[in-house]
Amino acid sequence: MAAQVADGVADLKLDDTKSKPTNGTTQNGDAEHEDSDDDNEGEEGAAEGGEGAAKKKKKRKPRKKKKAGAAGASGPKTQTKPPRVPVHEIFLNDSYPEGEIHEYLNENSYRTTSEEKRHLDRMNNDFLTDYRRGAEIHRTVRQWARDWIKPGMSLTEIAEGIEDSVRALTGHQGLEDGDAQIAGMGFPTGLSINHCAAHYTPNAGNKMVVNYEDVMKVDFGVHINGRIVDSAFTLTFDPVYDNLVEACKAATNAGIKEAGIDVRMSDIGAAIQEVMESYEVEIKGETFPVKCIRNLNGHSIGHYTIHGGKTVPIVKGGDQTKMEEGETFAIETFGSTGKGYVRDDMETSHYAKRSDAPKVALRVSSAKTLLNSITKNFGTLPFCRRYLDRLGHDKYLLGLNNLVSAGIVEAYPPLCDIKGSYTAQSEHVSFFPSV
């Protein structure tokens, strides 16, 4: 979510019997085994003479073959399409992938080589497990969504498909008071198209669809116990936009490599801008330089707070603040074929209760009811109007606007460059262990 300036069959063990296989039975020889038994019965009957021969040979009932996977029924499950199996049922004992690990450089290299420092980092295991679980959920849903989204689909269908998958994988549907604060959506699914760079999700009744020639930014968050994983990608169907998408990917990777404890924000911004603005894109016979959107930034992430207070610029100059140990950052880049500057535009859909919300008297009764529901269900996590609809709220706009004007709830309107331009986004989370 953008910050704006001014922002296997689990080890199945078979009995290793040392006795010789009966009648030359092989590993794949069920049929041979049955035939051999019948032969033995015939020999026994012949040895008993006429009495045995007179007896009808009993037919052996064929053995029931075990169903594939039955032996591993208690083992890990596999994911479905769309994703609906909670990840803790796939990754047993919370053994989630660690993700990409970058070694500390220069004067911070001791954090990698010191056994004591690495031991202290491992003491934060519960904290990291929450992040890794959230990251695995995000990766799974992101991977599925890339293949699933097709031209002609409505934005509402796409947003709800992603959000239903996230809730299923966390195991929390968020329909009971407080459930959405245990785990679920870190913030609403952003589906910002073309010149709109961020903070757009469909409200109820929205009829917009994604078209073949569109450039859509898919930005959604997953949280586990308030640890928010914020990641985004740009989806296109026409290869003409490939360079625009690649510019953001490469710039984000440059920012991630530059980031680290004691690194100045301005240095990260310079590295990002150098890579981003080395690209250009040709659209309909006209060549456009890819520009950084200079008033959009990455940001630190707090506990239950998507914008933690520090910003990571994507252009050179400016903030000399350093990254510190124990902090989590969303390294986020935006490229544009337009002016490289965004303004508030279109209908607002994203909101969040302020962590420093003032205590003021609310004279609108619907505002009081709505605030109580927001506090119970979202806390300071961002939400959108569709989430209020999902909880059964009706005719709440007056109360919501009252909360915004009172400074209790922050509104995040869509951020757009000039019409006719195209914008792209790439984002990943980086965590710097504390010692």
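Any Cβ shown, glycine's included, is placed from N, Cα and C.
Among the features that Swiss-Prot reports, compositional bias 'Basic and acidic residues' is placed at 10-19. Residues or ranges marked as compositional bias 'Polar residues' in Swiss-Prot: 20-29. The compositional bias 'Acidic residues' annotation in Swiss-Prot covers 32-46. Marked as compositional bias 'Basic residues' by Swiss-Prot: 55-68. Taken from Swiss-Prot, the feature substrate binding site applies to His199, His307. Look at Swiss-Prot and you will find Asp219, Asp230, Glu427 tagged as divalent metal cation 1 binding site. Among the features that Swiss-Prot reports, divalent metal cation 2 binding site is placed at Asp230, His299, Glu332, Glu427, with the record citing sequence analysis.
Overlay of Swiss-Prot feature records on the structure.
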residue	record	Cβ contacts under 8 Å, 6 or more apart
His199	substrate binding site	Met1, Ala2, Gly190, Ser192, Ser349, His350, Tyr412, Pro413, Pro414, Leu415
Asp219	divalent metal cation 1 binding site	Met1, Ala2, Thr189, Gly190, Ser192, Ala198, Asp230, Ser231, Ala232, Gln425, Glu427
Glu332	divalent metal cation 2 binding site	Ala2, Ala3, Asp230, Ala232, Thr252, Leu296, Asn297, Gly298, His299, Val312, Ile314, Gln425, Ser426, Glu427
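Neighbour counts were taken at the CB atom with a 10 A radius for the binding-site residues Asp230, Glu427; the maximum falls on Asp230. Cβ atoms within 8 Å of the centroid of the Cβ atoms of Asp219, Asp230, Glu427 (the divalent metal cation 1 site) belong to the same-chain residues Met1, Ala2, Gly190, Phe220, Gly221, Ser231, Ala232, Ala330, Glu332, Gln425, His428, site residues excluded. In this view, His299 (divalent metal cation 2 binding site) is surrounded by 25 other Cβ atoms within 10 Å of its Cβ, with every protein chain counted. Excluding Asp230, His299, Glu332, Glu427, which define the divalent metal cation 2 site, the same chain contributes Met1, Ala2, Ala3, Ser231, Ala232, Gly298, Ile301, Phe329, Ala330, Ile331, His428, Val429 within 8 Å (Cβ to the Cβ centroid), listed in sequence order. Using a 10 Å Cβ-Cβ cutoff, His307 (substrate binding site) registers 23 neighbours.
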